[in-house]
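A.B. asks: Sharing the features that Swiss-Prot gives for it:
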- 1-44: region 'Disordered' (REGION)
- 1-13: compositional bias 'Polar residues' (COMPBIAS)
- 24-36: compositional bias 'Polar residues' (COMPBIAS)
- 53-58, 109-110, 131-135, Y146, K206, H232, R237: NADP(+) binding site (BINDING)
- T178: active site (ACT_SITE)
- E180: active site, nucleophile (ACT_SITE)
- Y202: active site, nucleophile (ACT_SITE)
Amino acid sequence: MLNTRLIAMSTSDGAPETKKQRPESSSNGSKDQNGTEAGAEGDSRDKVALITGITGQDGSYLAEFLLKKDYEVHGIIRRASTFNTTRIEHLYADPKAHKGGRMKLHYGDMTDSSSLVKIINMVKPTEIYNLAAQSHVKVSFDLSEYTAEVDAVGTLRILDAIRTCGMEKNVRFYQASTSELYGKVVETPQNEQTPFYPRSPYACAKMYGFWIVINYREAYNMYACNGILFNHESPRRGENFVTRKITRSVAKIYHKQMEYFELGNLDSKRDWGHASDYVEAMWMMLQRESPSDYVIATGETHSVREFVEAAFKHIDREITWKGKGVDEVGVENGTGIVRVRINPKYFRPTEVDLLQGDASKANRELNWTPKVTFVELVSDMMKADIELMRKNPIA
């Protein structure tokens, strides 16, 4: 069995039918979905993976996943006054000293081509997972240029760095795409052939990333895939995302640390899955004989309102909704206390009301299906935040 190691990299901090596929180089040493070596006979090279965004939700779960498969993990973080490594510190043998184990961190940045070239040339990866992004939709309206630099041009920089290093025939590339590409949806559910209609600077930047991956795949015979991932959450989700805001707030209410919290559009519906399920799909995409693009989703939709109700149900409380529009409130049954209020500042300039994915292609070709249900997802997040607020009320 081949030895494996992982080089990981972090920066900021989570389709139409693919055109014709190209045959891949036999030196890639990939595995099919059953774990069988594909084209690796006589290839003694270690399998090396490079992940951008290792300090984020998806990057940390992917690092864990690959470590369990005996990968060695190296990570690159942006230079800053403080380390942003909370999600991966447990992967060190000595978390306080950031030493030991099979993971090391290095410095790099998605906005700096030279650092990408140096890293790729040094580690000579066989797999690259591009997870780094400014991924908050509402923030992208305020930081539109930065979002484009990281999410759009950053993807181009990595692809060009691969070619600069002369490794386009030896590297398998995964691009983290997003269901936000569908935006103002033209059909439900959305699959790989559904037209895009992006509704935010984030989605527009990701759309460029999506198409430049396909362009490089066809122009340079690269093994490059887009994973169109629908919303996926976990206890490691960023605090500024609505799902984590809900579970943190309900946990504070449970501990009597907060009376109510504010939200925006309660009726926005999303296809929510668990991040741990979705990183497995990323890996599966790079183990096939030829590259393609895949929608990864649960196929179920739930509203923000339902997420709130499920979170309160976890602490044995029920919410009744009263009023309309910005005057609507969520009232706790029994006590009559208002627990949820609407604040227009949380509305997006252009809303995306409904996203629901059709992952039948991934199920058919990758043998991938989600394992964690919506209720289990909310429960997992609630348990973690209740414990977090118990230990640190000001977290």
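Quick reminder: no glycine exception, Cβ is built from N, Cα and C everywhere.
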A.B. asks: Express the distance between the Cα positions of E180 (active site, nucleophile) and Y202 (active site, nucleophile) as a whole number of Å.
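C.D. replies: If we compare the Cα positions of E180 (active site, nucleophile) and Y202 (active site, nucleophile), the gap is 8 Å.
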A.B. asks: Indicate whether H232 (NADP(+) binding site) is helix, strand or coil by DSSP.
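C.D. replies: Where H232 (NADP(+) binding site) sits, the three-state DSSP reduction gives strand.
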A.B. asks: Indicate whether Y202 (active site, nucleophile) is helix, strand or coil by DSSP.
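C.D. replies: Where Y202 (active site, nucleophile) sits, the three-state DSSP reduction gives helix.
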A.B. asks: Once the chains shown are all counted, how many other Cβ atoms turn up within 10 Å of the Cβ of E180 (active site, nucleophile)?
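C.D. replies: So the number of other Cβ atoms within 10 Å of E180 (active site, nucleophile) is 24.
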A.B. asks: Between the Cα atoms of G56 (NADP(+) binding site) and Y202 (active site, nucleophile), what distance do you get, rounded to the nearest Å?
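C.D. replies: Between the alpha carbons of G56 (NADP(+) binding site) and Y202 (active site, nucleophile) there are 17 Å.
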A.B. asks: Taking only the Cα atoms, work out how far D109 (NADP(+) binding site) lies from Y202 (active site, nucleophile), in Å, as a whole number.
C.D. replies: 19
A.B. asks: Applying a 10 Å Cβ distance cut-off over all chains shown, what neighbour count does A132 (NADP(+) binding site) have?
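C.D. replies: Cβ-Cβ neighbours of A132 (NADP(+) binding site) within 10 Å number 31.
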A.B. asks: If you draw a 10 Å sphere on the Cβ of G56 (NADP(+) binding site), how many other Cβ atoms land inside?
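C.D. replies: Neighbour count, Cβ to Cβ under the 10 Å cut-off: 28.
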A.B. asks: Please give me the binding-site residues out of G53, A132, S135, H232 that lie within 10 Å of Y202 (active site, nucleophile), comparing Cα atoms only.
C.D. replies: S135
